Every structure is written in C-alpha cells, then in structure tokens.
Protein chains: 2
Amino acid sequence: MAKPSFPTATTKEILERGDLLAPRFDAAGLIPAIATHAETGEVLMLAYMNAEALERTLATGEAHYFSRSRNELWHKGATSGQIQLVEEVRIDCDQDAILLKVTPEGDGGACHTGFRTCFYRVVENGKLKERLP
Amino acid sequence: MAKPSFPTATTKEILERGDLLAPRFDAAGLIPAIATHAETGEVLMLAYMNAEALERTLATGEAHYFSRSRNELWHKGATSGQIQLVEEVRIDCDQDAILLKVTPEGDGGACHTGFRTCFYRVVENGKLKERLP
C-alpha cells in the first residue's frame, strides 16, 4: 500500500475555514486524537495517530491509532475487543488535533485498566482520587 | 518563583492506581490538556501545559497553558476574555494527558475563530464541513 499522505494548507484561511483536510502532524509524524463516547459525550481517552492511522480510521470506520510505546499501527480493540466504531470525525481550528465520537464494542470500555474511561482520577488538593464522572 | 516540578511514579501501580500526581511531560516538557465545558461536556479545545502551566492552573483555578507558537506561558483569556474557570482536573491512566472541566467566561467560547469550540468542522467524504455539534 502506498504510504498515505495528506495535503498542506497554504494559507491560514484555508487551514481554518476551508474544506481541505490538511492535518498538521508533529515532528514525529503524529497528531493527538481525543475519543469521546458517541452517546454520552464522555471523554474516553487521548491517543495519537500517524497519517496511516488516520487514513485507516477514515477508510474502515474503526479507530486506528499509532502506539508510541510499541512504535506501530494500533487497531484499537483488535486484541482487547474494545473496537471503536467511529460515528464522527472532527478536526480543530488549526488542524493539529482530532476528535472522534465512537461507540466502544466489547465490554463498552476504552481503558486497559478496566475503567470505561482513562480519566478515572480527579486531582484534589494535589492528590489523585479514583472517581468516575 | 522556584521552577515548579512534579514527582515521578516509580512503578506502574503507583502511576496507574496511586494517589500521586506524577504527570509525564514529553521531551519538550509538555503534556496535552483537553478542555471540556463543565455544563454541557462539549470538548472545547486541546492545548498543552508545561509544569508551570499545570501548577498555575491548580493554584489559581483558571486554565493556564503553554503556547507552543509564542513559546510562553499562556493564561487563557487574559487578552480575549475567554478565561476558563476550572471546575475539575483529571488525569489519565498513564498520566500523560490532562482533562479539564471548565466554565468559559467572556463570550462563553474557547476558540479564536469565534466558534464556541475549536472542533467546529466534521470530516465527511474526505472534506471538511463546518457544523457545530
């Protein structure tokens, strides 16, 4: 498969108000992606995509990320069953962040710890407390 | 003021299930922070914090970020009026992402474009369409 690539926006107007999908990957070739639950809106996780992961996500309708620890394409749920069916893909004003609305399959969660969201801890008085939203 | 610093979690158990706030900043000293609207849950923006921005956010109750383009501490809203009152601070399982629940002041928005959220565009058939959630 040819290495996927995306165009570059040549003006601020095109970047911010145009219809051109021109994601700005960082020096490592990555862009952060927030996954929220399509039904509840809860923020489930933040991960990273490279161009291939974004292309795969758009082509298949299932969330793909790039695992920085394993240094490889990561089809979320392929081993855990927590496949994320992508209901909507958004991008922010300067196209350096992605927002997914997903329906998690499997146990309905997104976190390897067993919590449904990775954000299961609140900072209170400088300490962390486990508390689901 | 002394340069703020945070401890390092020495085990996976402490990192993921402990009460120690031990944020993992990247090589550039930054951690991504998602801001959601405290009332609606809508994802408003994604920005970055360095240790000082996180310390200032926790100390003042107003969101501070680090502007990568200006290379400086960024008190959100100081010029735009879009101050973000922080209702809750969360951190994810491996402590490399922050989630804020905020109440935006000023015009109630978070984006410099005038939209209330930075994620005002959906990807559809490879093109972007402006559409608020």
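Any Cβ shown, glycine's included, is placed from N, Cα and C.
Annotations in TrEMBL come from automatic prediction, not curation.
Since this is a predicted model, take the numbers as computed values, not measurements.
Noted in TrEMBL for the protein shown:
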type	residues	note
DOMAIN	A:45-120	domain 'Phosphoribosyl-AMP cyclohydrolase'
BINDING	A:Asp92, A:Asp94, A:Asp96	Mg(2+) binding site
BINDING	A:Cys93, A:Cys111, A:Cys118	Zn(2+) binding site
Same chain, 6+ residues apart, C-beta under 8 Å of the C-beta of A:Cys111 (Zn(2+) binding site), given in sequence order: A:Leu44, A:Met45, A:Thr117, A:Cys118, A:Tyr120
Among A:Cys93, A:Cys118, which are binding-site residues, the residue with the most C-beta atoms within 10 angstroms of its C-beta: A:Cys118
Least surrounded among the binding-site residues, given as A:Asp92, A:Asp94, when other CB atoms within 10 Å are counted: A:Asp94
Predicted model, mean pLDDT over the domain 'Phosphoribosyl-AMP cyclohydrolase' (A:45-120): 97
A:Asp96 (Mg(2+) binding site) CB neighbourhood, other CB atoms within 10 A: 17
The domain 'Phosphoribosyl-AMP cyclohydrolase' (A:45-120), counted residue by residue under DSSP: helix, strand, coil: 10 helix, 29 strand, 37 coil
